[in-house]
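Colleague: One structure, pasted below without further comment.
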Amino acid sequence: MSQSIGFIGGGNIAEAMISGLKKTNSALEIRVTNLSNHGRIQGLVDRYKVIAAPLKELVEDSRVLIIAVKPKDVQGVLKDLTDFSLQDKLVISVAAGVPLKLFNKYLPGVAVVRAMPNTSTAVLHSMTGLARGDNVTDEQAEIGEKIFSATGRIMWVPEKNINALTAISGSGPAYFYLFAESLIKAGIELGLSEEEAEILVLETLIGSGKMIAESDKSPGRLREEVTSPNGTTYAALNVFMDEKLAQTVLNAAKACAKRAEDLEGEYSEC
């Protein structure tokens, strides 16, 4: 991947992407600008040897621009970008709930890809959804694929499915972190030390994930195979069923998707 990448924004998702990209190619030229937190940028420079650059330099010297600011700040960034020529550049947005039509309004004719990675990009296991704008060439789409494939798997989806994808894979890591946190607390409550509980939960989650990934059996089938009638696992799963875990998960995913839709709704006049 020879192209220079410029990050506008240096928050958590930007750092996760930078960390993952640098792991796969330490020589990759990455520029970063953050319009509000210069201390944060210096930390990225120190940790990943990226180049801190003002917006003008970043735009001029980067073939790919990744907009990684909070959704509320995207419109301001786009207004700033109208001062520059973006011909032949690929713009990628990783801001949740910001539709392609907003980019078309401020940057007409510019190639834009809407992306939804997750923070597992830092360990090269992200699942990233990509929605292609009308002006993106096949070559530019391939560049976008290479950027995100370097840190995990990708899936091209129509833009109308991005919010659903956000609810499953974009925010998904946090769901697993919450479950892990809860299981660790349960272990401590049952008499384990914190260290013991953390090791047990970590290895169990890793092993279960590998089983799902490497087996040709569905998660439901794998669950059935480790659940003996009236056994210990059966007793635990009955509690989850009685507490309607599946419905809770569905409600949470719907809430996430709706929040993304609400964010998009703020740009309904575009």
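Going from the start of the chain as shown, residues are counted 1 onward.
Keep in mind that glycine also has a Cβ here, set from the backbone N, Cα and C atoms.
Remember, predicted model here, so these are calculated numbers, not experimental data.
Here TrEMBL flags 5-97 as domain 'Pyrroline-5-carboxylate reductase catalytic N-terminal'. Taken from TrEMBL, the feature NADP(+) binding site covers Ala68, Val69, Lys70, Pro71. Per TrEMBL, domain 'Pyrroline-5-carboxylate reductase dimerisation' is recorded for 159-262.
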Colleague: Report the residues of the chain - excluding Ala68, Val69, Lys70, Pro71 - with C-beta within 8 Å of the mean position of the site's C-beta atoms, for the recorded NADP(+) site, in sequence order.
Modeller: Gly9, Gly11, Ile67, Lys72, Asp73, Val74, Val94, Ala95
Colleague: I'm checking region-level scores; what's the whole-number mean pLDDT for the domain 'Pyrroline-5-carboxylate reductase dimerisation' (159-262)?
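Modeller: In the predicted model, the domain 'Pyrroline-5-carboxylate reductase dimerisation' (159-262) has a mean pLDDT of 98.
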Colleague: By the count of other Cβ atoms within 10 Å, pick out the sparsest of the binding-site residues Ala68, Val69.
Modeller: Val69
Colleague: Just going by other Cβ atoms within 10 Å, which of the binding-site residues Lys70, Pro71 has the emptiest spot?
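Modeller: Minimum Cβ neighbour count within 10 Å, taken over the binding-site residues Lys70, Pro71, occurs at Lys70.
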